[in-house]
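Engineer: Structure provided below as structure tokens; questions to follow.
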Amino acid sequence: MLVLFSGRVQGVGFRWTVCHIAGKYQVTGFVRNLMDGDVELVAEGGEEELIDFLNAIRGSNLGRHIVRDEVRWTPARNEFSGFGISY
């Protein structure tokens with residue numbers, strides 16, 4: 001799953017909070033800032049787990065900063081061993 005978050009999503013602890021939330025789910029991948037001010041999330045896991053993870057992000061204190069999120073379902077490549085912040 002690839003998600004692009006738009007809004008006031010940089011400089012508010014977004015990536016750190018997403019990593020914290022990810023620790024509660026069986027997901028792997030990364031979150032990173034993009035040059036255009038958006039935040040990109042790439043996550044792999046079971047479909048229900050990914051949906052729950054995304055809903056937890058939306059329902060957290062981050063939700064007030066998200067103006068739009070664009071979700072793209074992509075095939076898992078099983079290339080991640082954990083979840084972290086990418087720079």
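Each residue, glycine too, has its Cβ placed from N, Cα and C.
Unlike curated records, TrEMBL annotations are generated automatically.
According to TrEMBL, the protein carries these features:
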type: ACT_SITE; residues: Arg15; note: active site
type: ACT_SITE; residues: Asn33; note: active site
type: DOMAIN; residues: 1-87; note: domain 'Acylphosphatase-like'
Engineer: In the domain 'Acylphosphatase-like' (1-87), how many residues does DSSP put in helix, strand and coil?
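Structural biologist: Each residue of the domain 'Acylphosphatase-like' (1-87) counted once, the result is 27 helix, 28 strand, 32 coil.
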Engineer: Sorry to bug you, but what's the C-alpha spacing from Arg15 (active site) to Asn33 (active site), rounded to the closest Å?
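Structural biologist: Computed Cα spacing between Asn33 (active site) and Arg15 (active site) is 8 Å.
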Engineer: For Arg15, Asn33, listed as active-site residues, tell me which one has the smallest number of other Cβ atoms within 10 Å.
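Structural biologist: It is Asn33 that, of the active-site residues Arg15, Asn33, has the fewest other Cβ atoms within 10 Å.
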Engineer: Averaging the per-residue pLDDT over the domain 'Acylphosphatase-like' (1-87), what integer do you get?
Structural biologist: 97
